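Participant: Residues annotated as zinc finger in TrEMBL: A:86-108. For A:86-108, the entry in TrEMBL reads domain 'C3H1-type'. What TrEMBL lists as domain 'RRM' is A:149-242. TrEMBL lists A:270-317, A:332-360 with the feature region 'Disordered'. If you look up TrEMBL, you'll see A:270-279 marked as compositional bias 'Polar residues'.
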């Protein structure tokens, strides 16, 4: 028996990180399906990319493409450019650009999540805008009001082409496919409703997994139904509502409490830092904008009243902004002509002299 | 609808504007629909830096932003840069009153609310620097309290354990008819955890429902000094939170041996069996080698079986650890055990019969 040097080497030989290779082209462009879905109505609405005037037909299908996390991920142009967002087509397993894609081609990990954290309040991990409320069917991009890390996985029967499996087998299949896409918090399969709930560690992972697993099959290559997988209907992956279980509610409360405690610590640290190191810089950098922002009518502030310099503080755009601010201030004293005067002054500045509907 | 608020400069935080001193902004009057109140507003968009490929847009109108004291682009609180819910939660924790930013459900109400000149929820406090400073001061004292007397929080947990106990009693009644002996038979409870054990799989129990899987995976991979993502599937973990137990399987028995060696802490049960201990946060997870391997079915096929399994394991732990253990969990379990003895002697007997022969086998 040969001595084994270290565990790392042993593992390193089998698996490689996505950072060591370039992303693969998942599909050739010529093989991509038409962007127009199969005709189910009389007229095609190019805005919604849907057929209308008809029965609608069944829109559920099994995607012919699937993301294979290990072989597909790799470096792209986006990695060089410091891109934050992931490629939606990569998640669906159908990016035809490969390493030339300007979005990221790998599974979101801790680093990505921390980089994304500033944006994820309003954008999902693919850079799409979130909405105030969930869609009625809980599908889609999701809401910016709730930090939802839990996915509802339905349509399991259709994704298995009605293959009869034991509940534990289904659970392990769900666990297998979802655990490749991010750190799992918990998975629960509800056998009498034949649906599963998958909770991730990060919301970004949930967003990614939602797109990656929608309309996918749960069949494996070894199943005899594999060849007919497209006859089934894929998984339905949606956002989950809150768990009604009292124990889960209690857990959620605890989690929130912990999160706010952590935030308290961070806030205090930040305020301590601010009070120590902004005092000298405040005197050093007495920007003109500062004065103006003080002179503004109450209730009006350009930005937060932090001691750092204001966002637009010098240069051409800034000066015009200051001009308009000054005029605004004057206008505030003379309430009657305030709106007209300020709008006139604003539309003079180069910052805002783009055409608008008023000018047309 | 050219109202004055739309002509005021946008409320955008510094984080969104980026580090550049010059920001070139485009203004489009009535350019977009506010995501909160659905009314049209003056849209501004810009790039945080000239090189960046992303256009940052204002998503909500100035009115809604002022009402909530948030940035129009990232919708984080302008003072603290935290989400609205978190801010409200924080403030309600500090002020001990319920502060929430109530959002209207229907469109008409959304518009109506947005036209009112009010500050919603925590915005009342964070929009005023003096009040926000007061909150920060209060935060300081709360945190000091929290760190100085951690015993109080422990008391809290103990209280929680009490209520858990009642629930557990109810559960035992409810699931008495469920038979999990076939599952228990397959769980290697009579095995002993030693540092030279060679096994690819391990049984983990005493997993509190609040511990997420990733924490366990993290602590195991930290122990073995491997990175989870880069190696893909060097370990697979199945945790059944309903059954409060789970299993871990390593890719190779090499890793399994390594794991057994790295787990330093062990405890000895009353029967003289060794159990490895994984410490996560405040709780301890016990480890037993599982040479026969496992599948998801090893933790029960139905929810009822899962819960019953967790109850039986709890009872077993009470027996194993005895009252000399100082952990509150063991204590509360002991109490349950006593209760059981009073209420249902039959079940208790049946259980002890089940566990005793196994122990005898081992001593032989």
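Just so it is clear, glycine is given a Cβ too, placed from its N, Cα and C backbone atoms.
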Participant: Pull the DSSP breakdown for the domain 'RRM' (A:149-242) and write it out as helix, strand, coil residue counts.
Facilitator: 34 helix, 22 strand, 38 coil
Participant: Quick one: DSSP breakdown of the domain 'C3H1-type' (A:86-108) into helix, strand and coil?
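Facilitator: Reading the DSSP string over the domain 'C3H1-type' (A:86-108) gives 8 helix, 3 strand, 12 coil.
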Participant: Can you give me the average pLDDT across the domain 'C3H1-type' (A:86-108), rounded to a whole number?
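Facilitator: Averaged over the domain 'C3H1-type' (A:86-108), the predicted model reaches a pLDDT of 92.
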